[in-house]
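**Student:** Starting off with a structure, shown below.
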Amino acid sequence: MSNKKNNIIKIMILGEKEVGKSSLLIRATKDEFNSQYIPTIGIDFDYKIMEIKGEKYKLQIWDYVSHDHINVFNKQVLSNTKIILLLFDLTNKSSFDSINNWLLKLDQSNKDNSIQIFLVGTKSDLISNRQVSLLDIQSKFIQNNNNNNNNNNNNNNNNNNNNNNNNNNNNNSNNNNNNNLQYFEISSKDNNNVEFLFTSVIDYYLLKAQPKFEEEIKNKKKKLKITVSWFDI
């Protein structure tokens, strides 16, 4: 991915109001923290330059107004978005409870899974005020694949169950996807894990994107070979 255009990665920060979206944007791009809450009006964005494995990437980080749920999922808003950081406040249980609604709506706008979604718990510095435990997060969004393996065994043993499970899987595809989210805890105030968050999600994005990029190159080479063969004839 040496092409400069390919090295621009659009990241969208989403979540309920006052979960720390603007604080994360400011900390990531300016290495600053503002303790006074200033709600975002419309859209705010900035850039962050990162170098990973000798390659420079320009992160275009967007902070979108939280209460305008409909426009967030507009195709124009999500256009070219590669990564979504879905934030909730560790000291606010309702912000965590809203995550599933965000994911359900995102699933409708991201049917091809072209956008990678990461779950981020904010304000980890406020330990005494924490309302969301790691166990809550793990049980709801980052379960392992043991259940999937058990379901596969049951499907092999019973065709009827297989059909039923397929229907359930179609109806609950969101839950299956949501149970495999990558999760991070950060503090924009203390600058804890912020750099690690962005390094990790870019690494993960590149890992997922590389096979697609290589496949595009292969397809282009195949077309080139076909064209050359035609001229040779």
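Placement of Cβ uses the backbone N, Cα and C atoms for every residue, glycine included.
These numbers come from a predicted model, not from an experiment.
Taken from Swiss-Prot, the feature GTP binding site covers 15-22, 63-67, 122-125, and the record attributes it to similarity to another entry. Feature annotation from Swiss-Prot assigns compositional bias 'Low complexity' to 144-180. Annotated region 'Disordered' per Swiss-Prot: 143-182, in sequence order. Marked as motif 'Effector region' by Swiss-Prot on the basis of similarity to another entry: 37-45.
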**Student:** So of Gly15, Glu18, Lys21, Tyr64, which of the binding-site residues has the fewest other Cβ atoms within 10 Å around its own Cβ?
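**Tutor:** It is Glu18 that, of the binding-site residues Gly15, Glu18, Lys21, Tyr64, has the fewest other Cβ atoms within 10 Å.
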**Student:** Counting only residues 6+ away in sequence within the same chain, which have a CB under 8 Å from the CB of Ser124 (GTP binding site)?
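**Tutor:** Set apart from Ser124 (GTP binding site) by at least 6 residues yet with Cβ under 8 Å, we have Leu90, Glu185, Ile186, Ser187, Asp190, Asn192, Asn193.
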**Student:** Please report the DSSP secondary structure of Tyr64 (GTP binding site), reduced to three states.
**Tutor:** strand
**Student:** What does DSSP assign Lys21 (GTP binding site), in three states?
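**Tutor:** It is helical.
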**Student:** What three-state secondary structure does DSSP assign to Gly15 (GTP binding site)?
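**Tutor:** Assignment for Gly15 (GTP binding site) reads strand.
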